[in-house]
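Written out below as structure tokens is the structure these notes cover.
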Amino acid sequence: MNRVPGDAENAHSSSVESCPSLRDVHSINPAQLMARIEPYEGREKKGISDVRRTFCLFVTFDLLFITLLWIIELNVKGGIETTLEKEVLHYDYSSSYFDIFLLAVFRFKVLILAYAMCRLRHWWAIAFTTAVTSAFLLAKVIISQLFSQGAFGYVLPIISFILAWIETWFLDFKVLPQEAEEENRFLIAQDATERAALLHPGVLSDGQFYSPPESVAGSDEDSEEKQDSEKPVV
């Protein structure tokens, strides 16, 4: 006789345990997920991420800094016009700094074209520019006579070499991993939004939520007693 109440209690406890999982499923809010997706969609519309923009600014700084050092070197040697004619029109590989300036221009054009205009997501362009820069500077330092021309014989090649490798490090360890992580987050959030849309096909209005009228305590017992009293006595 006691098995029926026990089974009822077990069924009730199992239904209560299943309620949190249902609440977890229905607690997904599409509006919150869409709010998380909107920043990623805005970045896609902008076409370039913040970290990539920082990289492009650093590439521009590389060109401007090498140009500034080269102009200072022209002034130190006895005037811009005279030294410029000597280094450009009468170019000498062993004593001219004009090729280091052209090397900075080469890096700037390739990197801006690849990562700003074409929005490349691979490291081959930066690897190419860094390899060319390193090989050219090493050959120039070994073959040329830059060290006999004072401090600029050390400064320009070293600064150019360091900037090229900083650009490589920044792209490989900052730009590409961060953009890949943001893209993965966007795809996960978009997938969660699609699932939430399937769980919530429409927005429920306030009129659809109602509670049944509360029954008066003991109303069932009173109705049964009333029916018994109305029965004719045999």
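Here the Cβ of each residue, glycine as well, is placed from N, Cα and C on the backbone.
Residues or ranges marked as region 'Disordered' by TrEMBL: 1-21 (among others).
Annotation comment: TrEMBL describes 48-219 as domain 'MENTAL'.
For the transmembrane segment (55-76), the residues of the chain that approach it from at least six positions outside its boundaries are 48, 83-84, 87, 97-98, 100-101, 104-105, 107-108, 111-112, 115-116, 150, 152, 155-156, 159-160, 163-164, 166-167, 170-171, 174-175, judged by C-beta separation under 8 angstroms. The transmembrane segment feature in TrEMBL is assigned to 55-76 (among others).
The transmembrane segment annotation in TrEMBL covers 96-116 (among others). Distant neighbours of the transmembrane segment (96-116): 48, 52, 55-56, 59-60, 62-63, 66-67, 70, 73, 86-88, 125-126, 128-129, 132-133, 136-137, 140, 146, 152, 156-157, 160, 164, 167, 171, 175; these residues of the same chain sit at least 6 beyond its ends, with a Cβ under 8 Å from one of its Cβ atoms.
Annotation source TrEMBL lists transmembrane segment at 123-145 (among others).
Panel annotation: around the transmembrane segment (151-171), residues 54-55, 58-59, 62, 65-66, 69-70, 72-73, 76, 97, 100, 103-104, 107, 111, 115, 123, 126-127, 129-130, 133-134, 137, 140-141 of the same chain, lying at least six beyond its termini, place a Cβ under 8 Å from a Cβ of the stretch. The feature transmembrane segment is assigned by TrEMBL to 151-171 (among others).
Summarising the annotation, TrEMBL assigns region 'Disordered' to 204-234 (among others).
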Cβ contacts under 8 Å made by the transmembrane segment (123-145) with residues that lie 6+ beyond its boundaries:
93-95, 99-100, 103, 106-107, 110-111, 114-115, 157, 160-161, 164-165, 167-168, 171-172, 176
